[in-house]
Amino acid sequence: MANLGCWMLVLFVATWSDLGLCKKRPKPGGWNTGGSRYPGQGSPGGNLYPPQGGGWGQPHGGGWGQPHGGGWGQPHGGSWGQPHGGGWGQGGGTHNQWNKPSKPKTSMKHVAGAAAAGAVVGGLGGYMLGSAMSRPLIHFGNDYEDRYYRENMYRYPNQVYYRPVDQYSNQNNFVHDCVNITIKQHTVTTTTKGENFTETDVKMMERVVEQMCITQYERESQAYYQRGSSMVLFSSPPVILLISFLIFLIVG
């Protein structure tokens with residue numbers, strides 16, 4: 001809190017100094033006038049610039065022979081043959097314009113990425129789908145199973161289903177629930193595609209998913225702790241009072 005108070009004091013002094021400088025800034029203008037560098041009236045010896053920004057023979061800022069700022073032969077600022085500023089062959093509307101940009105299409109990769117970053121999965125009672133992970137390298141104690149795992153690891157899940165960590169009393173309960181729901185969902189989804197799992201597959205999936213669920217628990221616990229720390233910090237009365245005072249100075 002001492003370091004926080006020092007930083008808040010520095011922020012207060014910087015804000016107060018900036019407000020003082022804003023009040024002392026001179027008004028914009030030209031040299032020794034306080035106004036425009038090329039005034040439209042009152043210039044000694046006449047004004048070399050037209051008062052309304054037009055060229056030769058332009059009463060209202062348009063091109064040659066333009067009464068109101070349009071192109072050649074344009075009465076009101078449109079393109080050639082346009083009476084009121086529209087596109088080619090248009091009377092001022094914005095429909096059917098040439099080279100009109102099309103609306104960007106939503107990429108399926110973006111949709112999949114959003115669903116894989118902890119989104120709630122519908123139909124699973126509040127379970128969320130974690131982000132994709134690299135399958136861990138696990139040794140099962142014999143050469144056959146180690147080789148079998150290396151050859152079939154791509155068939156096993158690389159994402160886990162889980163509930164928020166604040167709904168569990170400890171890590172073991174979180175991991176147990178995470179393993180069960182993940183294997184169940186992966187088995188059902190894969191079986192409907194015509195692929196079956198042997199007992200060896202299930203055994204290996206349990207080991208793989210368990211490691212992934214432990215990793216997911218550590219990530220979620222860290223994020224939950226950081227959110228809680230931020231809430232405690234900004235809910236303390238001194239910090240709230242100081243922030244309110246700074247907002248009052250800036251807005252006022």
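Positions of Cβ are set from backbone N, Cα and C atoms, glycine also.
Per Swiss-Prot, Cu(2+) 1 binding site is recorded for H60, G61, G62, and the stated evidence type is similarity to another entry.
Residues annotated as Cu(2+) 2 binding site in Swiss-Prot: H68, G69, G70.
Swiss-Prot lists C178-C213 with the feature disulfide bond. In the three-state DSSP reading, C213 (disulfide bond) counts as helix.
Using a 10 Å radius centred on the Cβ of N180 (N-linked glycosylation site) and all shown protein chains, the other Cβ atoms total 14. Classification of N180 (N-linked glycosylation site) by DSSP places it within a helix. Positions annotated as N-linked glycosylation site by Swiss-Prot: N180 (among others).
N196 (N-linked glycosylation site) has a Cβ environment of 8 other Cβ atoms inside 10 Å. The N-linked glycosylation site annotation in Swiss-Prot covers N196 (among others).
Residues or ranges marked as repeat '1' in Swiss-Prot: 51-58.
Annotated repeat '2' per Swiss-Prot: 59-66, in sequence order.
The annotation repeat '3' is assigned in Swiss-Prot to 67-74.
As annotated by Swiss-Prot, repeat '4' applies to 75-82.
Sequence annotations record features per position, and here Swiss-Prot assigns repeat '5' to 83-90.
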